[in-house]
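Structure record follows, encoded as structure tokens.
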Amino acid sequence: MNYRKVICIVGPTGVGKSEIAFHLAKRYDGIIINADSRQLYKGVPIITAQPTFEERSLIPHKLYACLDLHEKISAGRWATLAAEQLDSVCHTKIPLLVGGTGLYLRALFDGIVTIPPISTELSLTMEKQAEEKGISFLYNMLKVHDPLYANSIHPNDRQRVLRALTVFYETGKTFTWWHQQVTEAYPATVLRIGIKIPLIELAPLLEKRIDKMFVQGAIKEVITTYKRYFNKDVQNWSGIGYMELLGAIKGEYTFNEAKERWLKNTRSYAKRQLTWFNADKRIIWFCPDQLEDIQKCVENWLS
């Protein structure tokens, strides 16, 4: 099998992944492919920190601003889109996958279970049953439909019990069955470069970036987007920054409070990203200012 060479630049939000990827793409005649769930969406380039028009004119960028906010995306669908991009460029350019959505990269290079989306109506129905009948009742139902999975989790694990039951009622297949349907991994030799700094050092950088987004027009961006999609279901889009600013726009709290919520949620998100990526021992870690070391790593790998 012909394995393509692919570089992944990963790490928490706001650490400088995009800048490093841009430099590497310019140096090694590469192409940048988005691996961030938020940057897939149109209409929110400021609050999702998408590449500028100038950057995109200098280096090819793929899978940025390619979805409307009411469109749903899964790790499996993203992996399909990314594989198509890789197939089209691997023979001419070095592809750099850049982003902080670790599940996307796992789906592409390791394979993933692709469970169809669950209807909102069914989810609400199951939540109501949990409230009215208790999680023990639902766990006993799960033991009837999917005893193997039920025996593998704690009877009081509300989230997993509800998830397994909703999947069964939505698809007619058990969670056990779905976990046996792993997608095929993309055939590639992957260099995984991680960029990180201690969270205590990242926090002020995140605050500075949010301040910059306010200056760039984040409030106007959210107002425009909200008006455009007012009659459409964008509840499934949970982009940090959008919901926090929307609450202030609606008068539920002040813009200073919106900024505080935005920063708090961004810091929590960065922490979750670090937890995810730290668990992957294939990643070679660098600080953002170690550009020369990163270049040496890439050159050794390419040779």
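In case you wondered, yes, glycine gets a Cβ from its N, Cα and C as well.
Taken from Swiss-Prot as is:
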BINDING   Gly11, Pro12, Thr13, Gly14, Val15, Gly16, Lys17, Ser18  ATP binding site
BINDING   Thr13, Gly14, Val15, Gly16, Lys17, Ser18  substrate binding site
REGION    36-39  region 'Interaction with substrate tRNA'
SITE      Thr101  site 'Interaction with substrate tRNA'
REGION    159-163  region 'Interaction with substrate tRNA'
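DSSP gives Lys17 (ATP binding site) a helix state.
Residues near Thr13 (ATP binding site) in space but far in sequence (CB under 8 A, at least 6 apart, same chain), listed by position: Ala49, Gly100, Leu206, Thr266, Tyr269, Ala270, Gln273. Across all of the region 'Interaction with substrate tRNA' (36-39), the predicted model scores a mean pLDDT of 94.
Same-chain residues that are not part of Thr13, Gly14, Val15, Gly16, Lys17, Ser18 yet have a Cβ within 8 Å of the Cβ center of the substrate site turn out to be Gly11, Pro12, Glu19, Ala49, Gly100, Ile195, Pro288. Each of Gly100, Ile195, Pro288 belongs to the same chain as Gly11, Pro12, Thr13, Gly14, Val15, Gly16, Lys17, Ser18, is absent from that list, and has a C-beta within 8 angstroms of the C-beta centroid marking the ATP site.
Comparing the binding-site residues Pro12, Gly16 on other C-beta atoms within 10 angstroms of each C-beta gives the minimum for Gly16. Comparing Val15 (ATP binding site) with Thr101 (site 'Interaction with substrate tRNA'), their Cα atoms are 14 Å apart once rounded. For Gly14 (ATP binding site) paired with Thr101 (site 'Interaction with substrate tRNA'), the C-alpha to C-alpha distance reads 13 Å.
Between the C-alpha atoms of Lys17 (ATP binding site) and Thr101 (site 'Interaction with substrate tRNA'), the distance comes to 12 Å. A distance of 14 Å separates the Cα atom of Ser18 (ATP binding site) from that of Thr101 (site 'Interaction with substrate tRNA').
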